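This report refers to the structure that appears directly beneath it.
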Number of protein chains: 2
Amino acid sequence: MAKDKKAPRPKAQTPKGFRDYFGSDVSERADMLRAIAGVYHRYGFDALESAAVETVEALGKFLPDVDRPNAGVFAWQDEDESWMALRYDLTAPLARVYAQHRNDLPLPYRRYAMGPVWRNEKPGPGRFRQFYQCDADTVGAASVAADAEICAMLSDSLEVVGIARRDYLIRVNNRKVLNGVLETMGLDGDAQRDAVLRTIDKFDKVGEAGVRALLGKGRLDASGAYIDGVGLSETQVDPVLAFLTSKGTDAGATVANLRAAIGGSQIGTEGVDELEQMGALLAAQGYGPDRIVIDPSVVRGLGYYTGPVFEAELTFEILDDKGRKRQFGSVAGGGRYDDLVKRFTGQAVPATGVSIGVDRLLAALREKGRIGGPPLGPVVVTVMDRDRMADYQAMVAELRNAGIRAEVYLGNPKNFGNQLKYADKRNSPVAVIEGGDEKARGVLQVKDLVLGAKLAESASLEEWKERPSQYEITRADLVAKVREIIDQWA
Amino acid sequence: MAKDKKAPRPKAQTPKGFRDYFGSDVSERADMLRAIAGVYHRYGFDALESAAVETVEALGKFLPDVDRPNAGVFAWQDEDESWMALRYDLTAPLARVYAQHRNDLPLPYRRYAMGPVWRNEKPGPGRFRQFYQCDADTVGAASVAADAEICAMLSDSLEVVGIARRDYLIRVNNRKVLNGVLETMGLDGDAQRDAVLRTIDKFDKVGEAGVRALLGKGRLDASGAYIDGVGLSETQVDPVLAFLTSKGTDAGATVANLRAAIGGSQIGTEGVDELEQMGALLAAQGYGPDRIVIDPSVVRGLGYYTGPVFEAELTFEILDDKGRKRQFGSVAGGGRYDDLVKRFTGQAVPATGVSIGVDRLLAALREKGRIGGPPLGPVVVTVMDRDRMADYQAMVAELRNAGIRAEVYLGNPKNFGNQLKYADKRNSPVAVIEGGDEKARGVLQVKDLVLGAKLAESASLEEWKERPSQYEITRADLVAKVREIIDQWA
């Protein structure tokens with residue numbers, strides 16, 4: 001073929017950290033998101049789709065003392081010199097949308113949003129710079145009924161996509177309870193408080209004894225290095241540990257333990273009351289502790305949120321890279337964040353929401369065998385005689401009109417072997433063959449390619465003879481026979 | 001509420017030329033695209049989703065003599081100084097994907113892609129800088145069977161979303177026929193050829209006499225200014241007009257007219273043969289001239305494509321801004337472009353495809369009443385007693401479990417009027433009310449809000465009394481009664 005010598009050829013390459021999604025990777029994600037959108041819709045949430053591009057000012061990622069947006073976002077200047085950027089999540093655009101359209105939106109405003117977000121970060125294995133988020137938020141509802149509703153909706157969403165009950169658990173905590181605990185400790189200023197928050201965040205990793213040591217004098221870490229502690233006394237540390245380990249045998253016991261841990265603090269009491277109310281509201285809707293549970297050991301995001309915090313964990317085990325069993329872990333999280341819109345309007349607006357990790361949930365569904373496996377491709381009608389393309393097209397039209405995915409081979413038909421290789425690459429269940437001889441006799445050859453592949457892999461000569469994978473049928477039987485073969489493998 | 005005085009507040013504003021989509025605008029588009037994807041899938045096309053971001057090099061929008069990408073794309077430099085940009089269509093990414101993954105992809109490769117694209121252009125009324133495209137292309141198939149298939153698929157797609165047969169027409173032309181015509185004219189170099197092509201592009205606007213004048217000596221335009229012509233002789237102009245007006249009473253007549261217009265040119269004959277073949281292939285699949293027709297007056301894109309060209313037009317009339325009747329016009333177009341992948345690999349790869357104008361097709365469906373109108377909102381369960389939130393949540397859970405969209409009012413419940421105003425803003429079909437009195441008696445009040453609004457608008461006092469829009473029901477009848485009311489308005 002002719003080569004173009006004029007200019008150096010561009011590289012056919014995705015930019016670093018970006019990838020392409022093919023076939024079922026696209027449709028499986030779309031199906032999952034559509035099922036979740038159905039649940040969100042039933043809960044009264046409305047779809048919102050904002051543009052991928054926001055002003056950097058609205059995103060709030062512009063530092064006043066530097067002359068371009070800080071790391072983390074992809075940003076550029078518009079013709080009028082103003083900075084624009086790709087959204088890095090779906091929450092910042094919600095804040096902008098709500099502030100911009102608040103006179104036209106219902107109050108409270110329940111919305112869901114699904115779509116790609118972009119992060120200008122160093123890509124790594126499995127870490128991409130564009131990925132999907134799937135969020136639902138309620139803006140303008142101060143009541144914990146809004147938080148309870150989000151938890152119930154999250155539970156329904158996980159089940160509707162195929163995560164079985166008892167394969168997941170939604171754990172709920174409350175930032176105000178922690179604030180109550182911090183109050184009882186008599187901490188020395190914000191720095192010490194922040195050090196305590198940072199330490200609590202490590203609870204998942206270092207456990208009870210680890211947190212106790214790190215809040216006190218310090219500890220040796222796994223590498224043998226000594227990590228300095230926050231320097232608190234035992235009396236100060238006790239309430240933190242009481243809080244983190246307060247999960248009882250039932251919600252009543254947990255609440256009693258929490259009340260003890262906060263020692264009468266007003267904000268703490270508010271937090272415990274909220275947890276109790278959420279439990280009651282969820283129970284009234286039929287969501288018991290087999291699905292949603294108060295669990296004060298949930299600390300992820302506790303520093304960021306202002307009230308209830310929730311996390312959905314998948315509780316079944318998978319094998320990690322090294323073949324060791326571990327729990328699948330978190331697939332969604334959220335909570336209450338009441339200062340969302342204040343940046344724009346100066347008015348505090350209560351808000352609560354959840355974000356589902358789309359890629360992690362898809363991975364979980366694959367792990368459970370709910371999706372994945374090579375999907376069956378289209379029926380391939382082969383081309384034995386280039387001049388009879390109209391005949392072959394009529395066959396695929398018939399199949400398609402009967403709802404069967406089908407196509408004519410459109411490559412160079414000279415080499416019949418290439419046509420069967422193509423059908424193989426497409427994972428076609430059936431190849432249809434009509435040569436001149438068949439045409440004259442009014443028949444077709446129909447090959448069961450799935451059975452053919454199975455036989456080729458393992459069959460003895462006897463089995464091979466007994467179970468032919470190719471059938472001669474009359475032309476009129478095309479749709480019926482193809483459907484019969486497909487139905488057996490679908 | 002507290003005001004933040006520290007920093008100037010950011011503006012809550014979409015960047016210029018971008019917009020937000022709410023509720024049914026999002027879901028109607030998603031439904032339409034899903035229906036089209038179903039057709040594409042049945043034809044054996046696979047989904048492809050590439051990232052929004054491409055290297056500027058791959059997009060081919062980088063001029064070697066300037067130091068930044070040319071206008072039209074949103075572009076920025078990555079940390080390693082390389083230029084990245086948002087894709088401006090779905091065809092350029094297809095070329096990159098095919099070149100990058102060609103060893104793993106089937107040949108021919110049929111793919112569809114749906115998603116936003118971005119244009120760095122001056123926004124205007126109804127002209128946005130982010131909008132959706134919906135493409136299907138076959139790469140690696142030289143046969144016009146591939147083009148015919150795309151036309152059939154386009155026809156099925158229009159019908160599946162709700163455009164009735166005879167409300168649309170797919171018109172097919174062929175660039176090679178035009179090339180044959182140009183050959184017969186004895187033109188004087190490329191400049192004259194390009195001038196002829198530009199003039200032909202105006203055929204839709206200026207008609208037969210206009211094109212004849214513009215190819216010859218020139219003409220007065222509507223404003224009275226004289227437009228210079230290309231300066232061709234009558235003998236040179238004749239074949240062009242013969243070509244443009246060659247549509248006969250049936251395909252046979254059109255083909256005969258075309259053969260006369262190309263005067264034995266080899267490339268022209270190839271083009272006429274291709275049109276004839278496409279007609280035969282489509283007829284064999286049952287797509288007659290009531291759906292797909294050879295029409296040499298289709299000139300849009302004729303300069304860009306290399307073989308068959310097709311355009312889907314909606315033939316029903318709408319009223320324009322000034323109340324005048326006009327045809328709805330084009331909603332999709334495409335054709336064969338055989339140099340797509342050559343930029344990357346040096347090898348010419350045949351390709352053909354179609355792009356559906358997503359926003360125009362949605363507008364057409366709204367025009368036809370297939371979608372649109374304010375969608376019914378959720379049933380709203382009002383809050384009469386803040387302490388009985390659990391009761392109200394149990395009601396919505398019951399409704400949702402029965403598949404009915406429902407929500408509890410989550411704003412401040414003090415003012416009952418606000419709750420009904422909220423239900424109104426949400427376009428709720430039903431409000432459910434359970435005060436202390438109702439609770440004690442085991443009953444609920446259920447308001448038919450659609451009927452209520454109708455009565456409020458127009459009813460006489462008698463009608464008002466005769467057709468009550470509020471019902472007292474027992475608690476156990478909640479789901480049945482709500483369903484009865486909704487079904488009557490759905």
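Glycine too: its Cβ is placed from the backbone N, Cα and C atoms.
Record check, TrEMBL: L-histidine site residues include A:Asp89, A:Leu90, A:Thr91, A:Gln133, A:Asp137, A:Arg300, A:Tyr304, A:Tyr305, and the candidate from A:Arg102, A:Arg119, A:Arg324 also listed there is A:Arg119.
Of the listed binding-site residues A:Arg300, A:Tyr305, the Cβ environment within 10 Å is emptiest of other Cβ atoms at A:Arg300. If you take the C-beta of A:Gln133 (L-histidine binding site) and look for same-chain residues 6 or more apart in sequence within under 8 angstroms, you find A:Asp89, A:Leu90, A:Ala113, A:Met114, A:Gly115, A:Pro116, A:Val117, A:Ser355, A:Ile356, A:Val358.
Around A:Thr91 (L-histidine binding site), the same-chain residues six or more apart in sequence whose CB sits under 8 Å from its CB are A:Asp135, A:Asp137, A:Leu340, A:Gly353, A:Ser355, listed in sequence order.
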